[in-house]
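Heads up, the thing below is written out as C-alpha cells.
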Amino acid sequence: MILNCNPFSGLFLSMYLVTVLGNLLIILAVSSNSHLHNLMYFFLSNLSFVDICFISTTIPKMLVNIHSQTKDISYIECLSQVYFLTTFGGMDNFLLTLMACDRYVAICHPLNYTVIMNLQLCALLILMFWLIMFCVSLIHVLLMNELNFSRGTEIPHFFCELAQVLKVANSDTHINNVFMYVVTSLLGLIPMTGILMSYSQIASSLLKMSSSVSKYKAFSTCGSHLCVVSLFYGSATIVYFCSSVLHSTHKKMIASLMYTVISPMLNPFIYSLRNKDVKGALGKLFIRVASCPLWSKDFRPKFILKPERQSL
C-alpha cells in the first residue's frame, strides 16, 4: 500500500477520533431521549453505527503502518478489509435508501405512515440487508481467494479496495470484475433510483404545501439527507464507474477518501447542525453527564493520613 504520508498521521488520527466520537454521540443522544424514539432517528443511529465500523476498517491499520514506518499488509488482513468495506459500504447504501423512503412516506402519505413504516418491518428489512451484504462480501472474498498475487505486490492505495486489488492480480480477473460491476450496479443504481424518485415526489408535495413552517421543517430534514447522499454517492460513483477517467492514482485515492473517511466524519455534523431535536438531545446528554454524581465533590477521592502507632 502507498503510505508516504507521515506528516498526516495526526490528521488522520484526529479525523478518526472525531468520526467515532461524533457518531457515538448521535447513538447515545437517540437512545437516551424518548422523544427521538422514532424511525427517522432509528435509521440515523444505525447509520452512525455503520459509519463507525466503516472507518474503523481502514484508518487504524493505516495509522499502525505509519507509526511502524512499514507499508505491509498481510493477505488475510487484505481479504478482511475487502469483506468489511463491502459489507459496511453496502449497508450505508441501504440505510440512506430507507431514510429517503421514510421521508417520502412521512411527507407524501402522512396518514398512512404508521401502517407503511412500522418498526418491526424496518428492523426486518435492516436485518435482511445485513444478511445480503454478508453473502455478497463472502462471494467477493471467495472469488478473490482464487486469484494469484506475487509476494511484495504494491497496491496503489491506502487500503485494500476491491477494484485496486483486482488490478494487481497475476491471474484472470474477468469473473471477479463482472461480479463486482453487476453487484455494484444492482446495489448502487437501484437504491439511487429509489432515492431520486422519492425526492421527486417529495419536491412536488412541498410545492403544494401552504404552511411555511411545514416546508421549512421538511426542507431542513431532507436537505441534511441530500447532503449525505450527494457526498456518498458522488465519490463512490467516481471510484467505481469513472475510474478510467481518473488516470492519476492520487485522484482515485482522494475520491475513495471522500466516501470512506470524509462522509462518515461529516454525517453527525450534517444531521445535528440543522436539526433542533438532535441538538436538544445532545444538550441534555451533556447536562446529564456533567451533573453525574461521579464528578461531584462528594465522589472525589479522599485520602486520610492516619498516624502510625508508636511501639513502646
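Every residue, even glycine, has its Cβ placed from backbone N, Cα and C.
Per Swiss-Prot, the disulphide partner of Cys160 among Cys53, Cys78, Cys227, Cys242 is Cys78. For the residues Asn46, Asn148, the entry in Swiss-Prot flags N-linked glycosylation site at a single position: Asn148.
Relative to the membrane, Ile76 and Met253 are recorded by Swiss-Prot on the same side. Counting C-beta pairs under 8 angstroms (sequence separation of 6 or more), the transmembrane segment (218-241) fails to reach the transmembrane segment (121-139), with fewer than 3 such pairs.
Residues 39, 42-43, 46, 82-84, 86-87, 90-91, 94-95, 98, 102, 179, 183, 187 of the same chain sit 6 or more residues outside the transmembrane segment (121-139) yet have a Cβ under 8 Å from a Cβ within it. Between the CA atoms of Cys78 (disulfide bond) and Asn148 (N-linked glycosylation site) there is a gap of 14 Å, rounded to the nearest whole number. Figure note: comparing Cβ neighbours within 10 Å for the disulfide-bonded residues Cys78, Cys160, the maximum is reached by Cys160.
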